[in-house]
Amino acid sequence: MAPTPFYFPASFRHISAVFFLGSLISLTALLHCSAGAQNYRDALQKSILFFEGQRSGRLPPDQRLRWRRDSALHDGATAGVDLTGGYYDAGDNVKFGFPMAFTTTMLSWSIIDFGRNMGGEARNAVKAVRWATDYLLKATATDGVVYVQVGDGNSDHQCWERPEDMDTLRTVYKIDRSNPGSDVAGETAAALAAASIVFRSRDPAYSRLLLNRAVKVFEFADNHRGAYSSSLLNAVCPFYCDFNGYQDELLWAAAWLHKASRRRVFREYIVRNEVVLRAGETINEFGWDNKHAGINVLISKEVLMGKENDLKSFQIMADGFICSILPGISHPQVQYSPGGLIVKPGSCNMQHVTSLSFLLLAYSNYLSHANRIVPCGQTSATPALLRRLAKRQVDYILGDNPMGMSYMVGYGARYPQRIHHRGSSIPSVNVHPAHIGCREGSKYFASQYPNPNKLIGAVVGGPNITDNFPDWRPLYQGSEPTTYTNAPLVGLLAYFSAHS
């Protein structure tokens, strides 16, 4: 049987055999492409509002995207646990724990480093973190077990229906001592630890709960090593396979636990395992699957402040990451489109743009406080240069690009209208109260009309290597938003809203 017109395996959303062949543009040309002022404060508000459109479970009275309604109220029931809440990762209705945890970590890091720039939006950003951590606490409530997914990706991707109508399998998947998943458990520990910092002064009791749980989950991840892709096979693959191994998540979690707790045991773990866990690999990658560049930048802050000189190697690797991303050098590890956008192989390219730009901005601030620059051969990367590079990427997202359009729904005069998102593309329950079944939604998927429900703040996968964007729902590579694309962008927008 031929596949339905709306079935697209999520593996192609995250990895692809396509290799983009783009020419480099010079650093000078890139930095002089930017023109016109952006309303970063407005974009910040919308980037946070997006998460309310991704909520699963019973929605609160202060829900602002009113076209959404309660959904998945019995998640976990088949396993005898309460797994309601949390976020849908993208345009489908599955709750994938691995990217949800990474989203939580990056939202937390955005608040930790840039919360002071958020003004009144800090409250909404913290709410977005708590919606995730409340779920992650449920998923880790049993010692030696982490519930890592609710919903069957294969059946879900055969349907095009609202989350409120969802009648596909809500299968519960877990890892345990016999079926380990150090990658997803490590990322979950990192998320809980990072969030504990967010709530340290806002809700001390909740913060302690998060940190204590993070320690337990990390110990489970470290003591029972293995990749969750091996344990759960087709349940998580080809959707969110861990292609990079679990070693980076263990170091990532230890780094966040050290930052959150200041316990010497986690610092010693990092020192002892730097080589064993291959900290020096793929230093120019960062995202839901690969944490290496993030580890190096996070740990480097302590080194640059003169507190952790025996971790100097991480700062050296962070410097290497910075040099690898500069345009115009002889051996770049990223490409730039003619319009100046960072491009990495695969689809949903904006996830790379926001995560790498976040690291550029964070590291620029760490360098500024240490009064340092990064030597890169014939070029020196100053903090100001890194901020300008990050700002250029943000400005591109917001409309300073060859298409003359914003890639954030609801921002600017022109933005994507036909995003690859079930809830956004089907009439809301308010307008169409009757149930819309699995196959009934196909006409909305295939429709040429704009989505009836605006998922305000959603940043789509974006244009191709030639800066072209067709705004076509079936082209999920460019038209689908994800939570882990928005999470780092929150921090970027917060900073530039205060420094523009």
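Backbone N, Cα and C define each Cβ position, glycine as well.
TrEMBL does not curate its annotations; it predicts them automatically.
Here TrEMBL flags 40-493 as domain 'Glycoside hydrolase family 9'.
Feature annotation from TrEMBL assigns active site to His420 (among others). In the three-state DSSP scheme, His420 (active site) falls into the coil class.
Asp471 (active site) has a Cβ environment of 17 other Cβ atoms inside 10 Å. Following the DSSP three-state reduction, the secondary structure of Asp471 (active site) is coil. Feature annotation from TrEMBL assigns active site to Asp471 (among others).
DSSP assigns Glu480 (active site) to coil in the three-state reduction, outside any helix or strand. Other Cβ atoms within 10 Å of the Cβ of Glu480 (active site), summed over all protein chains shown, number 25. The annotation active site is assigned in TrEMBL to Glu480 (among others).
You'll find the Cα of His420 (active site) roughly 5 Å from the Cα of Glu480 (active site). You'll find the Cα of Glu480 (active site) roughly 10 Å from the Cα of Asp471 (active site). Per-residue pLDDT, averaged over the domain 'Glycoside hydrolase family 9' (40-493), rounds to 96.
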